[in-house]
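Q: What follows is a structure written as structure tokens; I'll ask about it next.
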């Protein structure tokens, strides 16, 4: 038993180092060339944020493995070298909240500050914004914790009469479970309805911080995750459907390139006009709307340029480039089909296990348990994969809604072309939603993850917290998630398969 727990501690340490190295790898390969050899503080925040998000997702499988390591003990403390999972959960999520609400906003304010200002002025401006935001959050958090920072547990008061201790156990059976020979049921089974009452206690402040951060993340997770779990696989499949079927001629390439050049000049002119308005201090609502419109048009222009380069490969290895293009679209089709199966499994599991009371079947819980019976960590790995898939769906949903809705700022993640402000935004979104993903998974896979520290925090305290427990009691977030997934599916069925041509001259709104 002790050797197994020691192995678990070693695996946790090794995985933490691997996660840190992978975070560095993603930063190096996704960053924009303009950010090379500069913006070191935002890069440090990105690496730390990605590491915390990944570790937080992996902690739930570790929590399950930690419970299984002591499954033969009466209590976890009876095992040697058991991981203190509840303490680790609170540490990780307090760090998560500090990064999301303090560190990442500071890094974004500093990075997006006016480059014409000195470093001291940019630091001053960023600190003022973060201080004001932190003050407002601290006041709201303190007031809420003082007034309603309590949990209400529904309990039943049970009592029984006293009987003489029996000298023999031969008379007990399923039909006669009690000491008294005249009673076929124990007194506890005959407790009246009035014995049910509410036990109120104040929750700890760290748990309350985690709970409120989970609520904020759950709203974003429901919106972006519900849209993303449908558009992520369907987007990959639709890109295969709209793939270039053959190489175009040189005259067609020149014609399309000329049109894109005109579009690029229009966007450059619009960007210069907006920059001039910024210098003149005219950063009103119309200005911000125009900035978002230019950003989205620029993103669409980059996609059109990439598509044109795919349809007309150039250079000495043009044929090899075209072959790789065809293979990449086949890869997208395969990933899209696999993702569609996972998305359907997720939605079906939510309906079968969470929305129907009582559940029709444990479904994926049984799948993970059977995988664990085949090999100790196979079910745990599958469990972690399903949790990570939800985080990827959140990013996909944010990208789709950012393209469709004007009031959402888009922050694309592109290989070798991701600016640091987009990196920071997406890391903040991942961190904020990672808390909700863990809560969602601990609830959706409650049968598999039972008796874990995560269930104690997210399953008992959070769902009994005064003021917000009804959101979880009536499955508000689960219903919203499934509804948005279905709406997105219908949208793609009607409009998502057709590639829109963006014609006409781009103009700023007046």
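Glycine is treated like the rest: Cβ placed from N, Cα and C.
In TrEMBL, annotation is done automatically, which means it is predicted and not curated.
In case it helps, TrEMBL gives these features for our protein:
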TRANSMEM  6-28  transmembrane segment
TRANSMEM  40-60  transmembrane segment
TRANSMEM  90-111  transmembrane segment
TRANSMEM  123-148  transmembrane segment
TRANSMEM  208-241  transmembrane segment
COILED    257-311  coiled coil
TRANSMEM  333-356  transmembrane segment
TRANSMEM  376-403  transmembrane segment
TRANSMEM  423-448  transmembrane segment
TRANSMEM  476-495  transmembrane segment
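Situate these features within the shown structure.
A: Long-range contacts of the transmembrane segment (90-111) within its own chain (CB-CB distance under 8 A, at least 6 residues past either end) are made by residues 39, 41-42, 45, 48-49, 52-53, 55-56, 59, 122-123, 125-127, 129-130, 133-134, 137, 206-207, 209-210, 213, 420-421, 424-425, 427-428, 431-432, 434-435, 457.
Outside the transmembrane segment (376-403), and at least 6 residues removed from its termini, the chain residues within Cβ reach (under 8 Å) are 53, 57-58, 60-61, 64-65, 220-221, 223-229, 231-232, 235, 296, 299-300, 339, 342-343, 346, 364, 367-370, 409-413, 426, 429-430, 433-434, 437-438, 440-441, 445, 448-449, 488.
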Q: Please work out the mean pLDDT for the residues of the coiled coil (257-311).
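A: Overall, the coiled coil (257-311) comes to a mean pLDDT of 81.
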Q: Where else in the chain does the transmembrane segment (476-495) make close Cβ contacts, counting only residues six or more beyond its ends and a cut-off under 8 Å?
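A: That would be 218-219, 221-223, 225-227, 229-231, 234, 238, 343, 347, 350-351, 354-355, 400, 436, 440, 470.
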Q: Please work out whether the transmembrane segment (123-148) lies in contact with the transmembrane segment (208-241), by counting C-beta pairs under 8 angstroms that are 6 or more apart in sequence and asking whether there are at least 3.
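A: These two stretches do touch.
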Q: Apart from its near flanks, which chain residues at least 6 from the ends of the transmembrane segment (40-60) lie with a Cβ under 8 angstroms of it?
A: 15-16, 19-20, 22-24, 26-27, 31, 85, 88-89, 92-93, 95-96, 99, 103-104, 107-108, 110-111, 383-384, 387-388, 391, 420, 423-424, 427-428, 430-431, 434-435, 437-438, 441-442, 449, 452, 454
